């Protein structure tokens, strides 16, 4: 036996090493693929930068050309005006030179007055001899010193550090897991967080090849997140968190494993009344005591009151010590669960078929008498549904019944807080509370059902 255990341990270790080698090879491939992707993204970024610079260069060159055209046009207009004025002045000078040759005194005076008036009004005296624009284009010069320094300072974006999951602040309750984490140091560039989780049957890193893949929750802005609507049909859940900035995600946090152990029990047929037909998760009235009727695998009788249980996992179920006792008898048509509640908080749900005329759901100490229906003594608590003439719902304990003025639910939730001394029944669909018993439980409790 010792050698077999050693060999079995070695075989398990070999499987773990094979799994780890596969993970390393997969990681190498991912590094190669991710490196190619990063280079492609880098090329795209630089191509985009070149494109912006080319566009800016074109716009600036166009502005320079427009300024050049504006100045040349202004200077050409001024040159044209000066040419016209010079032509007019030269004509006037030629006319004056001809007038100086006039011998007749009266004609000379007449010509002199005309010349005087024309000279006074000549455009040469009104035109500006200063260029309207300068030949300088320095106002369109560009200094890229600062931009060059900025480009030379471009580096890879700093990768965020791995967050740290705060196990003390994590909470597992009510089919929900609240995960809380913190950054090892303050980082202003964190944009969001990514949370990944997966179910596992192992406490710690995954040990089985092809274990379930990570489920991803993206774009979390806070440092806390609640996973809701879970079904605790496995023992553990792995969780890890990644911090991301605008462009890149950092390393994942060290994975943590939170226990989500379900309260799994079966019905103990050895504890049942002879007129009950009992399966692992259902019980039905049967006047023949199940004799002559074989359970058909894969099929369920439609006429039953069912105690729904999560998918069974490999936990250490404790068989009820009632197995050696006689069956319940008389009017105590009762069957008990095979696993006791001794501490903590537990929840299970029960569904009854529509044609079930009378049934009770509750808990009891192990010492429930074989003639005692649930709720008849001070060692059992239950709610009872009666559908014979009119439907009634009542809470029973210690032979006292309290009628509950609420509709009978299709599915009943049973919440037992052993340490807190609370037993509460719910409408499992609407979450409406039906009734709460408060007491100090002094012995282990077994789920109980009466049909």
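Just so it is clear, glycine is given a Cβ too, placed from its N, Cα and C backbone atoms.
Note that the structure is predicted; figures quoted are calculated from it, not measured.
Cross-referencing 65-92, 93-120, 121-148 with TrEMBL places the feature coiled coil at 65-92. Range with TrEMBL annotation region 'Disordered', chosen from 202-244, 245-287, 288-330, is 288-330.
Summarised as a single figure, the pLDDT of the domain 'Fibronectin type-III' (159-263) averages 84.
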